[in-house]
Amino acid sequence: MASDELARKLQSRLAATSAAAGEPGGGGESPSELTAKLNRRLDINDGNAAPRLSRVFNPYTEFKEFSRKQIKDMEAMFKRYDTGRDGFIDLMELKLMMEKLGAPQTHLGLKNMIKEVDEDFDGKLSFREFLLIFRRAAAGELQEESGLMALARLSEIDVSTEGVMGAKDFFEAKAQALSQGSKFEAEIREEKEEKKRQEEDRKQRRAAFKQLQSAFCS
């Protein structure tokens, strides 16, 4: 069976890692950590993997290098290409995204794009993993000619004047977190003020309508 062959390959990789390390943990990952990851991958391939409980994810607190507007723009882009409305961008949806952005990728290229940020090995991009693309692009951690860099560069997200990425060129900026807390609070206040103004406008329109209605009825 294919799963048996994969198991043998995984065991060979585990043995090679242990031998190269000379002792447990000497190769960056301990044999037990690698075993857990490889067993997880085997279960996924066999269709026996139990779904992992997703932890509560707050993009505004975890990705503080971006402003609220930037994150909302990234979320809008993510949802636009999440055509299955399942909260993930799978390989075919990523294919469509890259074609729309004018940087089509091969099948292998698309798989490698996902693999680079696929922290849970599910073969698709969650919103958090999508944000990781922009974080790594900003930090200069992506290859210049990589598909992920093309995605970040060609996205429609305006990052030229927002948040702490206030450099003329987003990819020349580094994630400087100066005064991020105060800016975050200012954005919250601005949103609340805007909601108050909208509510006040609605009240005024309702009052004007009632006056007009009473004038017709009298």
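Count begins at 1; order follows the chain as displayed.
Just so you know, glycine gets a Cβ as well, placed from its N, Cα and C.
Record features, source TrEMBL:
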COMPBIAS  184-203  compositional bias 'Basic and acidic residues'
DOMAIN    69-104  domain 'EF-hand'
DOMAIN    105-140  domain 'EF-hand'
REGION    1-41  region 'Disordered'
REGION    184-206  region 'Disordered'
Please average pLDDT over the domain 'EF-hand' (105-140) for the predicted structure.
95
Within-chain partners of the region 'Disordered' (184-206) [C-beta distance under 8 Å, separation at least 6 from its ends]:
60, 64, 67-69
Of the residues in the domain 'EF-hand' (105-140), how many are helix, strand and coil by DSSP?
23 helix, 1 strand, 12 coil
